[in-house]
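Before any comments, here is the structure.
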Amino acid sequence: MFLVDWFYGVLASLGLWQKDAKILFLGLDNAGKTTLLHMLKDERLVQHQPTQYPTSEELSIGNIKFKAFDLGGHQIARRVWRDYYAKVDAVVYLVDANDRERFPEAKKELDGLLSDESLTNVPFLILGNKIDIPYAASEDELRYHLGLTGVTTGKGNINLAGTNVRPIEVFMCSIVRKMGYGEGFKWMSQYIK
């Protein structure tokens, strides 16, 4: 029973209580997608091999249905991302904030996602991960390199009803330290219908 109560608390704190959501976890390889999925599932931190094949986790307790797809981030895996866009409710795009050399590649992939017509109105939560590592990029630096300066929606409860504005925001996090991503999911949940 403790596990059920704990899991309810996690989803409620992330704003996903009583919502059905199909969420894609995307980003380059080694950004932390699988680690985040396992932290959300059972707060387990383990070393992962690179994701070779798409995986999904469907978590259900009471009225909660949360289906997350971890599609891998290496170049071959990115070719199948498009196959999962149908009926997606949100995209969580992870970026390794400590790997500045790959910011241009991360921007290119993000630009491709943002310009895809099948994702036009889908909320995007951008997580700059690994801020626990010294000299990781700041939020402003990451926004700049991803071309998101002045483009994001704004944090907090922003009402976008009746507009054609896509919800998109950057949150910095450390999955291994369990910090930052909760605020991002709370923000994203307000835009999941």
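Note: Cβ is positioned from N, Cα and C throughout, glycine not excepted.
Annotation comment: Swiss-Prot describes 27-34, 70-73, 129-132 as GTP binding site, evidence class similarity to another entry. Taking a C-beta cut-off of under 8 angstroms and a sequence separation of 6 or more, I131 (GTP binding site) has the following same-chain neighbours: A97, M172, C173, S174, G180.
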Worksheet item: Tell me, how many other CB atoms lie within 10 A of the CB of K33 (GTP binding site), whichever protein chain they belong to?
Response: 29
Worksheet item: Which three-state DSSP class does K33 (GTP binding site) fall into?
Response: helix
Worksheet entry | Lowest local Cβ density among G27, D29, A31, N129, which the record lists as binding-site residues, within 10 Å | D29
